[in-house]
């Protein structure tokens, strides 16, 4: 879920999680157009993963609680999750790891989606 995604970001990243809430065309609520960079692409992939969870697993990914471990920047989804919980956990895990390795461009924070996301 979104709260756990925030905590996963905190586990893998030195940058504050708020930096990812309104970045590019896909990081934050909604998303459209072409991702502006690699980090924005991470968010687009995460959005698509959540869409798949909704349609294939029939669950609400933004509200689904799952079990995971964070140790020294490493994230592990626990084995005791249901199929849906495991799917959502892996969506969030993949996004957090992607955020950690993608370059952050300050000019893409809080861009105007009506101008930059066509």
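Placed from the backbone N, Cα and C atoms, the Cβ positions cover glycine too.
Residues annotated as active site in Swiss-Prot, with similarity to another entry given as evidence: 46, 92. According to Swiss-Prot, the feature Ca(2+) binding site maps to 26, 28, 30, 47, an assignment based on similarity to another entry. As annotated by Swiss-Prot, disulfide bond applies to 11-70, 25-117, 27-43, 42-98, 49-91, 59-84, 77-89.
This view paints the features noted in Swiss-Prot onto the structure.
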{"residue": "11", "record": "disulfide bond", "CB count, 10 Å": "19"}
{"residue": "26", "record": "Ca(2+) binding site", "CB count, 10 Å": "25"}
{"residue": "27", "record": "disulfide bond", "CB count, 10 Å": "24"}
{"residue": "28", "record": "Ca(2+) binding site", "CB count, 10 Å": "15"}
{"residue": "30", "record": "Ca(2+) binding site", "CB count, 10 Å": "9"}
{"residue": "43", "record": "disulfide bond", "CB count, 10 Å": "23"}
{"residue": "46", "record": "active site", "CB count, 10 Å": "23"}
{"residue": "77", "record": "disulfide bond", "CB count, 10 Å": "20"}
{"residue": "91", "record": "disulfide bond", "CB count, 10 Å": "24"}
{"residue": "98", "record": "disulfide bond", "CB count, 10 Å": "17"}
For each of 47, 92, count the other CB atoms within 10 A of its CB; which of these recorded positions has the top count?
92
I need the CA-to-CA distance for residue 26 (Ca(2+) binding site) versus residue 98 (disulfide bond), whole Å please.
14
Cα proximity to residue 28 (Ca(2+) binding site), best match among recorded positions 46, 70, 98:
46
Just checking the disulfide-bonded residues 11, 70, 77, 84, 89, 98: which sit within 10 A of residue 47 (Ca(2+) binding site), CA to CA?
none
Cα of residue 91 (disulfide bond) to Cα of residue 43 (disulfide bond): how many Å, rounded?
10
If you count other CB atoms within 10 A of each CB, which of 42, 59 wins among these disulfide-bonded residues?
42
Work through the recorded positions one by one (30, 46, 92) and name whichever has its CA nearest to the CA of residue 11 (disulfide bond).
92
